[in-house]
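Peer 1: Positions annotated as transmembrane segment by TrEMBL: 14-33, 40-67, 87-105, 117-139, 268-290, 329-349, 456-472, 479-496, 502-520, 541-563. Feature annotation from TrEMBL assigns region 'Disordered' to 183-210. As annotated by TrEMBL, compositional bias 'Acidic residues' applies to 196-205.
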Amino acid sequence: MVVCLTGLWRYRNYLIIFLTPLLILPLPIIVGGPEASCGYVIILTALYWCTECMPLAVTGLLPIILFPMMGIMESSEVCTQYMKDSNMLFVGGLLMAIAVEHWNLHKRIALRVLLVVGVRPALLMMGFMGTTAFLSMWIGNTASTAMMLPIANAVLKQLCDTEAQAEEREMDLMAIRGAGPGTGIPKGQDNQAFDMEPEPEVEESPEARERKLKREAKYLKLDKGMSLSVCYSASIGGTATLTGTAPNLILKGQVDELFPGNGDIINFASWFGFSFPNMVLMLIISWLWLQFMYLGCNMKKLFGCGTNKDGDKEAYGVIKNEYKKLGSVSFAEGCILVMFVRLVLLWFTTEPGFMPGWAAVLFNKDKPYVTDGTVAMLMSTLFFVIPSQLPRCGGYSEDGKPLKAPPTLLNWDVVHKKMPWNILLLVGGGFALARGSEKSGLSQWLGESLAPLQSIPPVAISFLLSLLIATFTECSSNVATTTLFLPILASMAVAIKLHPLYVMLPCTICASLAFMLPVATPPNAIAFSYGNLKVMDMVKAGFVLNIIGVITINIALNTWGAAMLNLNTFPDWANVTTIPTP
């Protein structure tokens, strides 16, 4: 029996792939109609995404196969869903991130910030969390975590080794100063001949052993806290910008698809205005919680008041040496920094909201010709045009040959290796499912079914749905979670005459709050391998942070979010007859 179950477990992915379509096949056969056929495709895709029996990107291609075969959509119409404006915005943001990583600009920024904040426990954790969150706003969460954790481990190891050496010197000094009458050395003076003879191997005293165990336990706990702080701040930081993580762009794409007349309500500036303050609030509360869990509440020790400075200096030297290895700022790093700042400024001023943006003045006089995706692709294309070194006329290399033209800031080989193409297919699959449910009439049926929810207070609906998404995303990828739930939430909002963003916006951010399990996100998995963590360590810390995250997001939604986006009224652009839903 055990052998049989073991064999089934080994082949579980094959069983899911082949049995799932057969088990839900009665839905289109018995119920019939385009709504049931579309529901079949959506349920099948959702189960494949949740179980990950196939790569997520491959599952995202199922609508291209099944929608045309079931008579829901033409193949050409399905395929256009995989390359929308929000996909181009995603590609442009990723190209910027790849350029920053390729020239190590992110590492220079991170180390510089750590040199400023210092190495005292509380400030060190604050520095790592703030730096990781800032980097995750612009580059991938996984890349930020993978870069910051080795630096954190090196600093903590140096602090631990320095403290151990200081304790050994203190013990030796106490032993020497303990010499009295009969030794020929006055008590209280150093034995000058002690260093001239080899140290005999002495068995470790109980006191020394106890101090060693306390020191190792202290730094193991600190290591766990630092590892969790880095991976959590990477997930939190990604929520601050529209391009910070894929779910944010999925929300923009779904809103533009489901509500074409929304007036570009979700753009870089409006997203940043809502999410950045929320990110800062979550980051501060997360820092306080991790401080309490892993560092205690002794402010004197945490902030370094009255402590020995030698260990701090040596640990600080580790960061300083890493920074020196980078050398001076290169021409390429300077170019990327300038382009990065220009890109952010252009994003902020495209449609700032409180005044006409440059896009409206120059291009978008009657139609939205230029979007954030246009700006992202413009700046990203320049990486393949601008040289990585300052051009020079003439000159020869060391072997006497004429100098070649310098390479550009990016080449396609680098982009091909680092670009996560699978995310584009996954996001495109979500857009295709949304469009298919609109064409089939499934969204209209679902909206009518959800109408009784109108009697529930909107605050309660938002809070409960946020908890649901935060729980679901622990077991499924955040991209798959938002792709599946956002169209359903849009249908529900239209049915009960609630502003769609009132439920879609908090649920999108909650999809990134996967703090409890190592498998929930790649940053969690990286921290789990680096920090000597147990699953229960992550569960205990992450459970509270999940609750805190849901609360802070809903506070933000009902305060400055409601004022910025006018969430308390049902907008005219949301008053449509059918809403696509997967």
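Cβ coordinates come from backbone N, Cα and C, glycine included.
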Peer 1: Mark yes when the transmembrane segment (40-67) and the transmembrane segment (87-105) have three or more Cβ pairs under 8 Å (sequence separation 6 or more) and no when they do not.
Peer 2: no
Peer 1: Among 40-67, 268-290, 541-563, which stretch has the most Cβ pairs under 8 Å to the transmembrane segment (479-496)?
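Peer 2: Stretch with maximum Cβ contacts: 40-67.
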Peer 1: So which residues does the transmembrane segment (329-349) touch in its own chain, when a touch means Cβ under 8 Å and the partner is 6 or more beyond its ends?
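Peer 2: Sequence-distant neighbours of the transmembrane segment (329-349): 96, 99-100, 103-105, 108, 138, 242, 267-269, 272, 357-358, 372, 375-376, 379, 382-383, 386, 388-390, 409.
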Peer 1: What parts of the chain pack near the transmembrane segment (40-67), using Cβ distances under 8 Å and only residues at least 6 beyond its ends?
Peer 2: 12-14, 16-17, 20-21, 24-25, 27-28, 73, 75, 78-79, 81-82, 421-423, 425-430, 432-433, 436-437, 442, 475-477, 479-480, 483-484, 582
